[in-house]
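Novice: Right, I'll just put the structure down here and ask away after.
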Amino acid sequence: MNPFHSSCWNTSAELSNKSWNKEFAYQTASVVDTVILPSMIGIICSTGLVGNILIVFTIIRSRKKTVPDIYICNLAVADLVHIIGMPFLIHQWARGGEWVFGGPLCTIITSLDTCNQFACSAIMTVMSVDRYFALVQPFRLTSWRTRYKTIRINLGLWAASFVLALPVWIYSKVIKFKDGVESCAFDLTSPDDVLWYTLYLTITTFFFPLPLILVCYILILCYTWEMYQQNKDARCCNPSVPKQRVMKLTKMVLVLVAVFILSAAPYHVIQLVNLQMEQPTLAFYVGYYLSICLSYASSSINPFLYILLSGNFQKRLPQIQRRVTDKEIKNMGNTLKSHF
């Protein structure tokens, strides 16, 4: 999620510019904005960075990469892109909304963060469709479910995400607000522009992909229940029932989708509510920052879900560790030999 965005929902400076003049509420929000929130985001940043690098490293070093591995690797890369912008966000919040890194970096960080939003939603949607065909229609679209074509599909999704984020590349800049604070924000001066952009971002990154994701997994659950009933009635092993490995992968993606909904829904609801508010209340302010924390927390939680829910990752990590250790021992032996 992009807290750098539009002038109507960027930082505490922007929200206070909407004539929110209650002294206690403002002081409370200021403490949250400059102390508590940067600390929380910093913890999320450090754990998410380690976890996602571990996932990407594990998949890249794996000898047998599966189609789901490619999607998971791209989601981990997207989470890393999300995390890269965190230190800049922390710095801006800690300084009361002031941006000191210049206009070009403001545009790059804001645009990459938005591109990441589009990419995460698109990859999650396509991965859900892939799980549906792998489980319910295993003999359809098999030519498209190869590793090579899956890589091309993911590259296409990233390219489309950059195109969809073009408005941010154009309009994100350093803006000087009425209180004199220069912040990195999305320069939308017209209320109509704010309305249309908010709807554009909310629909394309959440409300459009969400039904597709839910439909895929509802169909998967219906199919699984039907196969279970057939086996139970026939009292035999039906070869069409998904294998344990596929079921584990499906369970993993189901949990990831649940995390996607819980982390993204509050943020987008807050944006829609903000369109109707003249003066933000303390409750709105708290909800706004909680939604940002939830959105960034998902980038930290996802890699640990991959490890906990996937038997493949649990097996691969020790194997890769042994391979790396053996390689280091071999290199050390060669180094010692060269000195004697």
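A Cβ is built for glycine as well, from the same backbone N, Cα and C atoms used for every other residue.
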Novice: Look up the topological domain names in Swiss-Prot for Lys65 and Cys222, then state whether they lie on the same side of the membrane.
Specialist: yes
Novice: Please compute the mean pLDDT of the model over the topological domain 'Cytoplasmic' (310-340).
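Specialist: The predicted confidence over the topological domain 'Cytoplasmic' (310-340), as a mean pLDDT, is 51.
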Novice: From the DSSP assignment alone, can you count helix, strand and coil residues within the topological domain 'Cytoplasmic' (58-69)?
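Specialist: Once the DSSP states are binned, the topological domain 'Cytoplasmic' (58-69) shows 7 helix, 0 strand, 5 coil.
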Novice: Counting only pairs 6 or more apart in sequence, are there at least 3 Cβ pairs under 8 Å between the transmembrane segment (70-92) and the transmembrane segment (199-221)?
Specialist: no
Novice: Which one of these stretches, 150-172, 199-221, 253-272, has the most C-beta pairs shorter than 8 Å to the transmembrane segment (287-309)?
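Specialist: Stretch with maximum Cβ contacts: 253-272.
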